[in-house]
Amino acid sequence: MARPHFALTSVFLASSVSLSAFGFSLPARAQSEDVAQKCQQPIKSVEASFAACTAAIDTGALSGKALAGAYIKRGFLRTRQRDLVGAEADLDAAIKANPDAADAYTTRANFWNVSGKPERALADADQAIKLDPNLPLAHFVRGSAELKLGHDDRAIADYSRAIELRPKESGEVYAVRGFAYHRKGDDIRAVADYTEALKAAPEDVGTLLNRGDARRNLRDTAGAAADYSEAIKLAPGNAGGFKGRGFIRLLTQDTGGAVADFTEAIRLSPSESGLYLNRASALGLQNQSLLALADEDMAIRLEPQHPLAYVNRAETLKLLGDKVAARASVTKALQLAPGFPPAVEVLKKLGEPKRSKEPSSEAAQEAYRRCTFPVTDLGPGEEGIKQIIKVCTLLVTAQGGSDANRALVHLQRGSMYRRQGDYQHALIDFSESLRYDPESALAYTGRGNAYRGLKLLDQALADHTEAIRLDPKYATAYNNRGNVWRDKNDLAKAIADFDRAIAISPNYAMAYFNRGNSRLESGDKEGAVADFQQTVKLSPQFKEAAERLQELGVRM
């Protein structure tokens, strides 16, 4: 089984806090003025509170503590709305108006946390605590800064002090303290804190996901699965629940359930490489090595510096019988992470490579010329294909060669394997070509054709689409994708792709032929006849098009 990759389902860091979370209230200043009183009222509407505080500030009648209070509240509201420039100006003004206001430093510390500057948050929170050691929100905000800086023990101490100062209103504090415990490896305390937090907010999906992670680490698979399932129930659009539950199902050998969960997680979060690695692990347990390889290739495409993806790919390639490609993949892992234990282990399993005599420089150049000699749709014949595979293989197993040359060799050999109908070997070669040249539209559409030959139509669509993204004028990629849409019986999309291929390349006989077939299947006999006739006009030796016309009763 390939090693699963797992990341936390939910990272729960307090960035912006509620001013009322710990009974923290802004100073009720200038009570004689109606606008000032409105500014200090509890927040029911951000817009109304903002307008009231602005009106209070704009009167010009406030000063000192009263003016600071209005700026503090408006600065907090701006922080919530992510008006960071305005928030900073307001909070600076609050401190200027009242340099001894602990709440002003606390609110600005929270602002710095939201702004991604925890060092400055820490300095302001320290000053707030110096001015008022018993202000719970100041400890909470400082704990969040410490957590962002990786100081878990200091964060825990601050969160514990906040809970001590305000024990009945600390649900959010338990949640983040639980995360700090989890991150330092104390999952027993993490679970206890998450449980306390969930008593206050039982539908908090982030906390459910985090408790699931902690329970997973404690090998409480049933408890973890329950938390992830509840998170899915509450937030079916959050990939975290499916990711976590999929991993538990993988651990408990429910591979079908794992594949289903990871597939849904990928639908919701398609750019997360770890999801593809985990699904590949489950597919590998189901002996679906080609699908596993597709996921490992996608993981590498999304995160090309991830050594584990290359290691897992090497194990899959070994199962598919290609030790040369497997060795190349694990070697790449070791280049990215020298001494990486999983890579070293797989390399030992692969054993020593069979050493053959290295070709001379002249022989290698001749082999390269013969391997990469341009071919056409009409040639070479069967024997020619075998010879090209033979000379390409000589280069694949030889040492040296630039990445560009190796990419082209694998591309050509993959094309020859595909012509032989050996789609598995073709797939591996196209994947290897992409490893050396990740931006090759030719390799993507070649691999898409191999996937189509293996009836892996979703993967084929993805590869042809990527080829089109890389080269929007690549008529062949549109033609090939049209074939896949036709296989999926989506004739409208197939015809649209053939239309595009013909628009790019008006003399593309195969695209006319394929569009003719799609039009015929969609009931457009007249359009099909026109396309088959154009195919024969452009390529008189195209027998299949002539046969279609005869079947339709059309004279040549």
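Placed from the backbone N, Cα and C atoms, the Cβ positions cover glycine too.
Taken from TrEMBL, the feature signal peptide covers 1-30.
What TrEMBL lists as repeat 'TPR' is 102-135 (among others).
According to TrEMBL, the repeat 'TPR' annotation covers 136-169 (among others). Taken as a whole, the repeat 'TPR' (136-169) shows an average pLDDT of 95 in this prediction.
Among the features that TrEMBL reports, repeat 'TPR' is placed at 171-204 (among others).
Among residues of the same chain six or more beyond the repeat 'TPR' (407-440), those with a C-beta under 8 A of the stretch's C-beta atoms are 290, 293, 297, 300-301, 304, 317, 320, 322, 325, 328-329, 332, 368, 371-372, 375, 385, 388-389, 392-393, 395-396, 401, 446-447, 449-451, 453-454, 470. The annotation repeat 'TPR' is assigned in TrEMBL to 407-440 (among others).
If you look up TrEMBL, you'll see 441-474 (among others) marked as repeat 'TPR'. Using DSSP to sort the residues of the repeat 'TPR' (441-474) gives these counts of helix, strand and coil: 27 helix, 0 strand, 7 coil.
Positions annotated as repeat 'TPR' by TrEMBL: 475-508 (among others). Remote same-chain partners of the repeat 'TPR' (475-508), defined as residues 6 or more beyond its termini with a Cβ less than 8 Å from a stretch Cβ, comprise 441, 444-445, 448-449, 452, 457, 460-461, 464-465, 467-468, 514-515, 517-519, 521-522, 538.
A Cβ distance under 8 Å defines the sequence-distant neighbours of the repeat 'TPR' (509-542), meaning residues of its chain 6+ beyond its ends; these are 377-378, 475, 478-479, 482-483, 486, 491-492, 494-495, 498-499, 501-502, 548-549, 552, 554, 556. Annotation source TrEMBL lists repeat 'TPR' at 509-542 (among others).
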Of the residues in the repeat 'TPR' (171-204), how many are helix, strand and coil by DSSP?
27 helix, 0 strand, 7 coil
